[in-house]
Amino acid sequence: RVMAATGPQWSLYPLLAIVAFCTFSLSGLHLFFCLPLHILFAPLLAGIVALLTAFHAIFLRYPNRTDFVLQVIAAIVSAYFFFTSSLETFCLSKSRDPETSSGGDICEGLTYRTESLVGSCNGFFGNMQAVVLRNANWEMDSVRVFVSSCLSALAASQLLITTALSFYSAHETKLRIRTFHYQLVLGVLLIVAALFHWQYCCLYYFVSIPAACGLLCFAQGLTTLLRPSRVSRSLDVIGTFAAVALCSSLLFSLLCNFSGIFDWRLSILRHCRWGEEEVMKGCRRYLHFSYPYFNWQPPQIEHEVTSIQIAIYTVLLIFSFLYFYFSIKSTFRLSKKKERNAYFD
């Protein structure tokens with residue numbers, strides 16, 4: 001079937017090409033003005049991948065799975081681009097308004113990690129930067145905030161477009177994305193997030209609930225993919241309860257973190273210190289002597305680690321909601337399929 005050359009879906013391809021071209025163009029300024037995360041080359045990579053994806057789709061007469069794969073890769077790269085550019089814009093804006101206190105620990109950590117790279121970049125481009133800024137009558141801080149803000153807007157647009165086109169390409173190629181596909185991907189994401197949960201000594205990290213849920217979620221998807229059976233349904237039922245347990249533990253972890261920030265006094269908070277004497281202190285001692293924290297003061301370490309822990313809990317909480325939804329959906333889908341087969345038998 002020939003891909004339709006009209007309609008709002010098809011118009012997203014030229015729009016993606018325009019956004020990608022703007023991203024690719026601004027990536028040069030991102031490097032030239034030595035923004036904090038210039039070493040990651042996120043705008044350049046995202047622009048190149050999106051341009052290739054857009055032009056491949058524009059000149060494609062018949063939809064195929066190559067188009068779908070390119071859209072998925074572009075969406076993943078765009079998500080990476082959006083995260084880095086948003087963090088960069090937030091920290092650059094905060095540096096111009098030091099009175100705001102939210103997010104300061106994350107930005108201080110970013111500055112500490114990138115100041116040597118930014119200094120080397122400024123040493124290389126410094127003379128050319130001075131000439132350009134003097135002739136244009138611009139300020140370096142204003143230019144950096146402007147470039148980073150534009151890239152953040154482009155990153156958000158590119159992420160939305162590539163995500164929409166991924167689903168559109170899957171529909172055009174008759175590629176059915178089942179629940180077990182989502183479970184396989186979510187299982188991998190949970191395992192990756194569990195590594196950060198362990199690395200930053202999150203509450204009850206030694207129980208490894210996120211890692212166990214990730215392995216279980218992946219097993220649910222794999223068994224359903226290979227051969228749906230009673231084992232698959234049993235795993236989905238267990239996965240539903242595991243998702244509830246993961247969500248509960250994460251909500252309690254967030255409560256413990258916020259109680260330390262706002263100095264709350266609740267009797268239930270005594271469970272926040274469970275395992276602190278034996279295990280948690282050893283983990284925190286190891287974290288304090290790891291890079292780059294061995295050169296930091298203890299209050300700085302605690303502030304950044306707390307901010308990172310809250311971010312990890314939030315991401316895992318979103319994953320737990322998705323895990324619960326997919327487990328419930330897969331359970332009832334297998335149940336209905338079993339009833340339908342019994343009816344015809």
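We number each residue from 1, going along the chain as drawn.
Positions of Cβ are set from backbone N, Cα and C atoms, glycine also.
Taken from TrEMBL, the feature transmembrane segment covers 12-33, 39-59, 68-87, 145-168, 180-198, 204-226, 238-261, 308-328.
Sequence-distant contacts of the transmembrane segment (238-261) (same chain, at least 6 residues past either end, Cβ-Cβ under 8 Å): 202-204, 207, 209-210, 212-213, 216-217, 220, 269, 271-272, 306, 309-310, 313-314, 316-317, 320-321, 323-324, 327-328, 331. Long-range contacts of the transmembrane segment (180-198) within the same chain: residues 205, 208, 210-211, 213-222, 224-225, 308, 312, 315-316, 319, 322-323, 326-327, 330, each at least 6 residues beyond the stretch ends and with a Cβ under 8 Å from a Cβ of the stretch. For the transmembrane segment (145-168), the residues of the chain that approach it from at least six positions outside its boundaries are 9, 12-13, 15-16, 19-20, 22-23, 26-27, 29-30, 33, 35, 43, 46, 50, 53, 57, 68, 71-72, 74-75, 78-79, 81-82, 85-86, 88-89, 92-93, 96, judged by C-beta separation under 8 angstroms.
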